[in-house]
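Visitor: Provided herewith is a single structure, encoded as structure tokens, for subsequent inquiry.
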Amino acid sequence: MAVKLLSLRFCRRIPELVFSKAFFSSISCADSIQSNPETYQNQSDSSEFEAKIQFLKNKLHPDSLVSALDSTPDLNSSIKLFKWASLQNRFNHTADTYYRIILKLGMAGNVEEMEGFCNEMVNDKCPGFGESLLVLIDSFVKNHRLDEALRVLYVMNLSSFKLSIGVFNKIMGALLEEKKDFKDVLFVYKEMVKSGILPNIDTMNYLLDSLFEAGRVDTALDQYRRLHKKGCNPNSRTFEILISSLVARNRVEESIILLNEMFQFGCEPDSSFYIHVIPIFCRLQNLEVGMRLFKMMRASNISPDSATYAALINCLCEYLHMDDATKLFEEMIDCGLLPEEETFVDIIKGFCKSNKFTEAIMFLEEKNVIDTSPYNTLLEAFCATGNFPMAKSMFDSMFRRNIIDASSWNILIRFYCENAAISKALEFLCRMIVSLFVPDSATYSALIIGNCRMGKFEDALQLFSTVRSKCWVLDSVPYAEFVECLCQRENTQEAAKVFRYMSRMGCALRSTSFDKLIEETCASGKADSAIRLLSVAYYSGTVCFSSTYNSIMRGFFKSSHINDLLVMVSKMMVVGCPFDEETYCLIIQSTSALNRVADSLLFFNLMLREGFLPGSDTLICLLHCLAKYSRMHLILSSLDKLSSESKILDSVTYNLLVNGLWGEGYKSEAKQLLDLMLEMGWIPDSSTHALLMGSVSKEEIEIKKSAYENSGTYDEVSSILAEGLVER
């Protein structure tokens with residue numbers, strides 16, 4: 001535990017000649033300076049100043065100077081009085097007078113001049129200067145003047161006065177509490193080491209906490225591993241800092257390893273550790289660790305607080321351990337702790353997820369719950385499971401007991417709307433208004449869903465107009481459904497207006513619904529409008545997938561705006577959106593259309609590497625481009641993978657490959673492809689047939705000609721043909 005800085009009573013050990021009564025009466029001096037808004041006015045009343053000078057001339061003494069300084073609210077006048085006294089014969093400032101002027105300067109933020117007076121006091125070797133500086137540090141820390149406290153600490157460390165480790169720890173703790181930069185904490189740590197003081201575990205805890213706050217996680221873990229080299233053993237606070245900081249940075253596995261190390265070291269957790277760490281693991285749904293720590297907490301006779309109970313109950317309910325959850329709830333009540341409304345809600349949710357609706361009702365009745373939220377939770381569960389009679393019965397009971405709110409009405413209205421019973425919903429709306437409940441955004445969200453499902457889009461748009469006029473927002477589900485319904489009616493313009501308004505209000509649209517909006521916008525030939533919607537989506541937090549970009553690129557491709565399509569590819573790469581099969585196909589077709597052979601091959605190879613395969617149209621487009629520039633052989637390395645997919649390589653692609661490879665001189669490869677083609681029962685087209693038949697004829701002629709020339713026989717019919725007199 002950090003040691004509290006020395007208070008002014010420490011100075012009573014200094015002789016009476018050094019510290020006057022004025023010094024001790026000024027314990028609240030810093031408070032008075034801090035609270036007086038006129039303290040630091042730069043203009044002084046000259047007549048009052050002259051009167052004080054005259055008073056001091058007649059009776060110049062440290063006590064009288066202190067009194068004059070205390071009664072002078074103006075900083076400049078105080079400095080003039082202090083400096084005037086310095087020039088008087090036979091007058092020496094004391095630690096008391098220095099304390100007053102240094103405090104005034106520090107509270108005014110005049111750090112440079114304040115440090116100068118600190119050095120003067122040290123150089124003058126005023127008796128008790130060290131204790132005065134300690135009190136100054138305490139005052140500055142108390143009044144959140146940490147820059148000033150650091151300057152005083154620096155001066156003290158240069159003097160012969162030996163500071164205790166508690167002083168350094170106090171300042172480090174204050175810096176952390178004020179969220180100051182890590183460099184300030186490191187400065188104090190280094191000053192402590194310079195003074196020859198070794199850190200204790202409190203010091204190291206402050207350092208670890210500061211390192212985590214600065215995002216230097218690995219350095220913090222390294223410092224933890226080196227604690228034993230500094231003669232420190234980790235305590236409960238050490239592990240609390242480590243575990244909570246690691247979990248906050250999604251390094252959960254490491255936090256559990258450290259928790260096990262804590263148990264191995266035999267470190268006994270304190271109440272702060274339990275209160276902070278148990279809820280952390282409960283939020284992570286790690287019930288095993290949470291319950292283990294809770295049992296240890298009770299075994300140590302440490303009483304859990306309401307937040308610890310609430311976190312455990314929530315976790316138990318998530319795992320549907322309802323018996324354990326209710327037992328813990330009873331224990332909480334027996335300890336005199338009052339559960340929050342959210343704890344009741346968690347238990348009701350657990351019962352409903354377990355289909356224990358009777359137990360949920362009994363729980364509310366036995367506990368005499370009068371809060372509305374738990375009942376609304378049960379009401380929603382009845383509606384979600386289609387048990388509307390029970391929902392209606394509960395609603396009527398709530399209405400009679402006067403524990404109903406606007407959300408209760410909205411739950412039933414939403415149920416009717418989702419089941420396309422808009423007339424029933426309107427009946428409940430009328431009852432709601434008559435009962436003096438005002439319809440809100442949730443009410444309008446429900447009504448918009450109902451009208452959409454009934455095909456009453458004009459009515460839905462009218463309702464949305466009211467939502468906009470009141471600056472409300474729709475719930476996420478009605479919002480998405482409304483946009484999709486408008487798109488299905490080919491009313492993309494209104495859908496885009498809804499999207500823009502909701503985005504302006506900071507609401508993200510469901511990705512599938514946004515895809516639908518973009519797809520329909522592009523289908524209507526408005527790819528440019530789709531791009532503008534894409535920009536809106538980025539700022540509203542709407543997540544865009546590759547399918548979203550594909551819709552826009554498809555529109556550009558159909559309209560032959562290939563360069564615009566490639567710009568969209570660049571945007572996808574900038575935002576880190578991964579390509580899917582259609583993306584690659586569109587890129588390959590586009591680059592092939594522009595005769596960009598290198599780019600086409602690059603994306604083709606990337607596509608195969610990521611496990612995607614092009615469609616027949618894409619492959620044919622690529623092959624035409626390669627054949628045009630005699631680059632068909634560049635695709636040879638990929639043929640094995642393509643040939644395994646019979647749906648991709650058809651007779652058209654085989655003919656293109658055979659013709660292209662043969663023309664580029666890759667005859668053996670062309671023949672192999674022809675053999676595969678024939679094995680599959682495909683007939684070569686006329687160009688491929690002529691090419692290969694011509695090749696076969698030439699080979700046979702050469703063989704027979706050679707045999708004829710080497711024989712002594714006369715010409716026969718076959719040998720005459722071998723002379724090459726063939727029809728061309």
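Note: Cβ is positioned from N, Cα and C throughout, glycine not excepted.
Annotations per TrEMBL:
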type	residues	note
REPEAT	164-199	repeat 'PPR'
REPEAT	200-234	repeat 'PPR'
REPEAT	235-269	repeat 'PPR'
REPEAT	270-304	repeat 'PPR'
REPEAT	305-339	repeat 'PPR'
REPEAT	371-405	repeat 'PPR'
REPEAT	440-474	repeat 'PPR'
REPEAT	475-509	repeat 'PPR'
REPEAT	580-614	repeat 'PPR'
REPEAT	650-684	repeat 'PPR'
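Looking at the shown structure, what environment does each listed feature sit in?
Guide: Away from its own ends, the repeat 'PPR' (164-199) comes close to residues 2-5, 134, 137-138, 141, 144, 146, 149-150, 153-154, 157, 206-207, 209-211, 213-214, 216, 230-232 of its chain (Cβ-Cβ under 8 Å, at least six residues beyond either end).
Remote same-chain partners of the repeat 'PPR' (200-234), defined as residues 6 or more beyond its termini with a Cβ less than 8 Å from a stretch Cβ, comprise 1-2, 165, 168-169, 172-173, 175-176, 179, 181-182, 185-186, 189, 192, 241-242, 245-246, 249, 251, 254, 262, 265, 267.
Under 8 Å from some Cβ of the repeat 'PPR' (235-269) lie the Cβ atoms of residues 201-202, 204-205, 208-209, 212, 217, 220-221, 224, 227, 276-277, 280, 284, 286, 289, 293, 296-297, 300, all in the same chain and six or more residues away from its ends.
The list of residues near the repeat 'PPR' (270-304) in space but at least 6 beyond its ends in sequence, with Cβ under 8 angstroms from a Cβ of it, reads 236-237, 239-240, 243-244, 247, 252, 256, 259, 311-312, 314-316, 318-319, 321, 335.
Within the model, the repeat 'PPR' (305-339) shows a mean pLDDT value of 96, rounded to a whole number.
Counting residues 6+ beyond its ends, the repeat 'PPR' (371-405) has Cβ neighbours under 8 Å at 341-342, 344-345, 347-349, 352, 357, 360-361, 364, 411-412, 414-415, 437 in the same chain.
Taking Cβ pairs closer than 8 Å, the repeat 'PPR' (440-474) reaches residues 406-407, 409-410, 413-414, 416-418, 420-422, 425, 429, 432, 481-482, 485-486, 489, 491, 494, 498, 501-502, 505, 507 in its own chain, all 6 or more past its ends.
Taken residue by residue, the repeat 'PPR' (475-509) breaks down under DSSP into 26 helix, 0 strand, 9 coil.
Within the chain, the repeat 'PPR' (580-614) has long-range Cβ neighbours (under 8 A, six or more residues past its boundaries) at 546-547, 549-550, 553-554, 557, 562, 565-566, 569, 572, 621-622, 624-626, 628-629, 631, 634-635, 638, 641-642, 645, 648.
Below 8 angstroms of C-beta separation, residues 616, 619-620, 623-624, 626-627, 630, 632-633, 635-636, 639, 643, 691-692, 695 of the same chain, each at least six residues beyond the ends of the repeat 'PPR' (650-684), sit close to that stretch.
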Visitor: Taking residues 6+ outside the repeat 'PPR' (305-339), which of them lie with a CB under 8 Å of any CB in it?
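Guide: Counting only partners 6 or more residues beyond its ends, the repeat 'PPR' (305-339) has Cβ contacts under 8 Å with 274-275, 278-279, 282-283, 285, 287, 290-291, 294, 297, 346-347, 349-351, 353-354, 356, 359, 363.
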